[in-house]
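Below is one structure, written out as structure tokens; the observations come after it.
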Amino acid sequence: MAFNDLLEQLGGVGRFQKAQVTLVILPLLLMAAHNTLQNFTAAIPAHHCRPPAGANRSGHREPEAWLPRDPQGRPESCLRFTSPHRGLPWPNGSEANGTETTEPCPDGWIYDNSTFSSTIVTEWDLVCSHRALRQLAQSLYMVGVLLGAVVLGYLADRLGRRKVLILSHLLLAASGTCAAFAPSFPAYCAFRLLSGVALSGVSLSSMILNMEWMPIHMRAQVSTLGGYTYSLGQFVLAGLAYAVPPWRHLQLLVSVPYFVSFVYAWFFIESARWYTSSGRLDLTLKALQRVARINRKPDEGAKLNMEVLRSSLQKELSLGQDKASALELLRQPALRRLFLCLSVLWFATSFAYYGLVMDLQAFGVSIHLLQVIFGAVDLPAKLVCFLAMHRLGRRPAQVASLLLAGVCILANGVIPQDQTAVRTSLAVLGKGCLASSFNCIFLYTGELYPTMMRQTGLGMGSTVARFGSIASPLVSMTAELLPSAPSFIFGAVPVAASAVAALLPETLGHPLPDTVHELESRRRGKARRQQQEQQKQMVPLQASVQKEGWEH
């Protein structure tokens, strides 16, 4: 509790905490835009084959005479007749229509630009046989997020939260802007991958920097504030995509603001807790005294000196000898148990979440409206999650959010496909629960890991989550075999993960652990208390048995 006491002594939640938390969280407003940007920049408009160049002059009811029809009477998207059809129109795919020889679209496609004036799909013809390339771009973005979680998470524990956050803002601004001017699809994919790397660094470093500057009683509030900011970003994305349909302009709009955050991030104060655990007590003193001045507590700051810090922060100073290697998560038994359980939670949450939110066109309604609804459901869902975390604890909130999400998705698997309103409502409710799960797991993970492993642990959790987001498009492809298969898979995984969440310890009201030894001590202390309770329960039972023996 030593470091928390120092924060309270220097003003608790003062002007510094309010200002820095606000400025750190503000860029998270566009995180949702980058994560789900391809719902709009890679939307697939209605399209059909382009007739031959001289079709309009041939006199055979061109260009319709070249277009076969599907059973609903719409032009086929990926086929055209090899010669103009000379019969009557075929509104429902007549036999005559089926007997004509067809071919793929050698002259390209004509797209319906009424909703999307341009997307990467229309610019680079990512349809029909090239349709998988659209998913490749999103998968590469998620690969970048995975790489960023590993690399930047490790660097933040080695170099500091502030430095990695500044670098991440610059990289996201530059790579996102370059993606808007990409001359080819491979170049676009490369810049999107770099954007994923940067976004992971922004997310993780922002969460940790805020958490380590806040007193214990405010950690849940700050985590929830970050989650709400992300949710509001979904409204921002829907508004921007509606107002600015061209994909290059939209890509630019969500990237340029990070140049501004890159500039003001230089004024952030590095985590004093990280300075201490890195053995830099002189920098800890400077940071704390600077915070005291900003919080209008100069007298309290003047009381601090190297001797006071050494006596107060002996435990934190010992962390300078610890190694923040990801391998430590598997070497140490206490860390290994946390890592395995948390990995299941991260994977399940991301797996089901992106299975729902990255295919808005499948619901058959306006994707701008659905984007707003998906963002709106987060507001009450995260409020309920916050109240549950604050009143009941982190573990019950995590278990409930995963379990309810899984049940909603599983229910979607048994509801008929024509019940669009019911299916959409369940999907929205499930998405709200998964958003709450994300909100909870960020805080829960940060509170479970010790200081020198906190950023690495969050980075590894985010890494496992990216595997879930990469796997979800592959699972969606099982709908070709069985339409309800994705719902059963996306629902079963979070239900199973909710059982794993019940195995984790509660962190509500507990100080942040600083060492692995603390984790082991808490675990042994819990086991000892449980053993004592069992012994207390056995005493009346033994007395009752003895009394019965005497009576006999």
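Each Cβ is built from the backbone N, Cα and C atoms, and glycine gets one as well.
Because the structure is a prediction, the values reported are computed rather than measured.
Features as listed in TrEMBL:
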type	residues	note
DOMAIN	27-509	domain 'Major facilitator superfamily (MFS) profile'
REGION	51-104	region 'Disordered'
TRANSMEM	139-157	transmembrane segment
TRANSMEM	164-185	transmembrane segment
TRANSMEM	191-213	transmembrane segment
TRANSMEM	225-244	transmembrane segment
TRANSMEM	250-269	transmembrane segment
TRANSMEM	338-356	transmembrane segment
TRANSMEM	362-385	transmembrane segment
TRANSMEM	397-415	transmembrane segment
TRANSMEM	427-446	transmembrane segment
REGION	520-552	region 'Disordered'
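Cβ atoms under 8 Å from those of the transmembrane segment (397-415) belong to residues 345, 348-349, 352, 356, 385, 388-389, 422-423, 426-427, 429-431, 433-434, 436-437, 440-441, 444, 484-485, 487-488, 490-498, 501-502, 504 of the same chain, restricted to positions at least 6 beyond its ends. Between the transmembrane segment (225-244) and the transmembrane segment (362-385), three or more CB pairs separated by 6 or more residues in sequence fall under 8 Å, so the two stretches touch. For the domain 'Major facilitator superfamily (MFS) profile' (27-509), the model's average pLDDT works out to 80.
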